[in-house]
Every structure is written in structure tokens, then in C-alpha cells.
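TrEMBL lists GLY33, GLY34, GLY35, LEU36, MET37, GLY38, ASP56, GLU121, LYS126, SER148, ASN172, LYS304 with the feature NAD(+) binding site. The feature CoA binding site is assigned by TrEMBL to SER72, LYS79, SER148. Annotation comment: TrEMBL describes 28-213 as domain '3-hydroxyacyl-CoA dehydrogenase NAD binding'. The domain '3-hydroxyacyl-CoA dehydrogenase C-terminal' annotation in TrEMBL covers 215-312. Annotation source TrEMBL lists site 'Important for catalytic activity' at HIS169.
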Amino acid sequence: MAFATRHFVRAASSDAATAAAKKLLIKHVTIIGGGLMGAGIAQVAAASGHTVVLVDQSDEILKKSTKGIEESLKRVTKKKFADKPEAGAEFIKNTLKNLTTSTDAASVVHSTDLVIEAIVENLDVKNELFKTLDKFAPEHTIFASNTSSLQITKMANATTRQDRFGGLHFFNPVPMMKLVEVIKTPMTSQKTFESLVDFSKAVGKSPVSCKDTPGFIVNRLLVPYMMEAVRLFERGDASKEDIDVAMKLGAGYPMGPFELLDYVGLDTSKYIIDGWHSLEPNNPLFAPSPLLNKLVEEKKLGKKTGEGFYKYK
């Protein structure tokens with residue numbers, strides 16, 4: 001019996017070692033989209049020693065992205081290397097050395113281990129991108145989307161690598177926020193999933209796992225919470241100011257739901273809830289809000305337009 005047990009343990013250890021050996025060690029990363037999220041992901045990947053190519057449609061956008069990354073790195077070094085300015089300067093230099101830019105995604109994915117998409121939240125546009133890159137990327141390359149609300153499975157189905165496709169949902173601002181949601185579709189292989197978890201850890205994040213359910217973990221809880229606050233206000237049960245104060249002082253939240261809606265963007269919130277409502281029209285959590293729809297129609301989208309639920313100077 002003891003021999004059988006030892007044999008089983010050795011066999012299990014061997015299987016675990018074999019599985020670990022099959023994981024892809026991600027060294028080269030291509031990030032599509034030079035906006036806040038894409039640039040932030042590029043920064044943390046380059047800062048952790050990965051070779052990174054940041055891709056967008058124009059050199060002008062990429063210059064702005066690179067400048068933003070440099071400024072962000074300076075802020076990081078002020079905290080991280082407060083007493084060692086020379087080490088901070090070396091950190092910035094090495095990080096930027098790991099980062100290049102391109103306007104031609106197809107030409108740079110041929111040698112990449114991981115493609116992370118961080119473009120506009122439009123399923124058709126994302127699918128077209130993945131369908132194109134699928135033709136040029138090597139067989140081993142993993143594809144991932146940074147979407148916060150769209151189904152990963154639908155994107156994976158636009159490619160021939162459904163088993164090498166998952167979600168990597170970073171949070172804004174990427175250099176500061178520690179969380180990454182790693183999304184596994186029914187087709188995502190265990191090897192791919194573990195490779196994405198390892199990559200998340202390698203860039204200094206704390207990964208959590210979730211199935212491909214609307215909104216994953218954070219937004220699945222956060223968006224209905226914000227929408228319920230709007231409904232509470234719509235019914236006249238409480239003022240938006242009192243709701244915000246109550247959630248900050250009573251629940252310890254850094255922002256109230258209306259402050260958060262204005263920060264996120266009312267158009268973004270409407271887009272998410274409308275998408276979920278189309279998937280599950282009978283789910284009361286996903287019911288649209290007449291007030292939110294009205295504000296978006298009036299272009300009162302929150303802080304970015306100077307007015308949403310509140311006015312901003």
C-alpha cells in the first residue's frame with residue numbers, strides 16, 4: 001500500500017511537472033490600442049522585462065501614448081525610487097528600451113507570444129481585428145481581449161485558435177490597480193489559462209479567475225449596483241447626493257454611485273447595460289434606465305463632457 005501511495009505521488013508530481021512544462025512562457029507581447037488601457041498594459045509589461053510592441057492606427061496617437069507612458073513612469077519612480085533617483089532613471093530607461101510602436105499589427109504579430117486587444121468596445125470591430133491577426137500570428141500565440149463587458153467566446157469564435165483565446169481584464173489606471181480578471185471560455189485550454197495567470201503575476205498583478213459571464217466579477221456586481229442607485233433616485237426615494245454620501249460613509253466606498261457613473265462615463269455605462277439587457281431581457285438587474293438614456297441623449301456623459309448627474313467646471 002505504501003509503495004502504491006509513493007508511486008501515485010510520484011506519478012501526480014510528474015503529471016504536474018509535465019503540465020507546467022507545457023505552459024507558454026510569455027516574453028513577447030503585442031498590444032493593440034494605444035489608449036489609456038492599452039498604454040497602461042504596455043507600461044506594466046515593459047517594466048516587468050517583457051518585449052512589448054504597442055500598435056495603433058497612427059504615429060500621432062502612438063507618440064501621445066509613449067509620452068503618457070513616460071509621464072506615468074516618472075510618477076511611479078518618485079514613489080518607488082524616492083531615495084534612489086539614479087535607480088529610478090535606470091528603471092525608466094530600461095522600461096522604454098523594452099517598448100516599441102507600430103501602425104501595422106499584421107507585421108509585428110509574427111513573433112509574438114501574446115496579443116492583447118484594447119480597442120473600442122465594439123464586437124464587430126474586435127472580431128474583424130482578431131480574424132485578421134489570426135492569419136499572421138504563429139500557432140503558439142495566445143490572443144486575449146481587455147474588454148470589460150463583451151463576450152470573450154464570441155471573439156474567440158472569430159478565430160481558429162479558440163483554445164488559445166481568453167480574457168485579460170485590467171483596471172484603470174493600469175499601473176496602480178493590482179487586479180486582473182483572467183477569463184476562461186468553455187474552449188480555453190488549461191495551458192492557455194495558466195499561461196495568462198502567470199503573465200498577470202509577472203506584470204505585478206493579482207489575478208482572479210472567472211468564467212465568460214456578462215461583466216465577469218467586478219462589473220457584474222458594480223454595474224447593477226450603480227443602476228439600482230439610479231432607479232432609487234428615479235423613484236424619488238432619495239436624492240443622488242444623499243445616496244452618494246450614504247454609500248461613502250455607510251459602506252466605505254471611495255466614490256458614491258453617481259460620482260462613479262460620471263467618472264466612468266454615462267455612455268459607457270449605458271452601452272454595457274444595453275448589451276446585457278439584449279442578452280438577458282428578462283433579468284431585472286439589466287433593465288435600462290429612462291433617466292440614464294435621457295442624459296446620454298443630451299450628451300451629458302459625465303466628467304468628460306462637464307456634466308452628467310453632476311456639473312463639473
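Placement of Cβ uses the backbone N, Cα and C atoms for every residue, glycine included.
Each of the recorded positions LYS79, LYS126, HIS169 was scored by how many other Cβ atoms lie within 10 Å of its Cβ, and the smallest score goes to LYS79.
Geometry remark: GLY35 (NAD(+) binding site) versus SER148 (CoA binding site), CA distance 15 Å. Put simply, the two farthest-apart Cα atoms among GLY33, GLY34, GLY35, LEU36, MET37, GLY38, ASP56, GLU121, LYS126, SER148, ASN172, LYS304, the recorded binders of NAD(+), are 24 Å from each other. Across SER72, LYS79, SER148, which the record gives as binding CoA, the greatest C-alpha separation is 29 Å. Once Cβ contacts within 10 Å are tallied over all protein chains shown, the binding-site residues GLY33, GLY35 are led by GLY33. Less than 8 angstroms from the CB of ASN172 (NAD(+) binding site) sit LEU36, MET37, GLY40, each of them six or more residues away in the same chain. If you compare Cα positions, LYS79 (CoA binding site) sits closest to HIS169 out of the recorded positions GLY33, ASP56, LYS126, HIS169.
With DSSP states grouped into helix (H, G, I), strand (E, B) and coil, the domain '3-hydroxyacyl-CoA dehydrogenase C-terminal' (215-312) comes out at 64 helix, 3 strand, 31 coil. Checking each of the recorded positions GLY33, ASP56, LYS126, HIS169 against SER148 (CoA binding site) by C-alpha distance, the shortest gap belongs to HIS169. The two recorded residues, GLY33 (NAD(+) binding site) and SER72 (CoA binding site), show a Cα separation of 17 Å.
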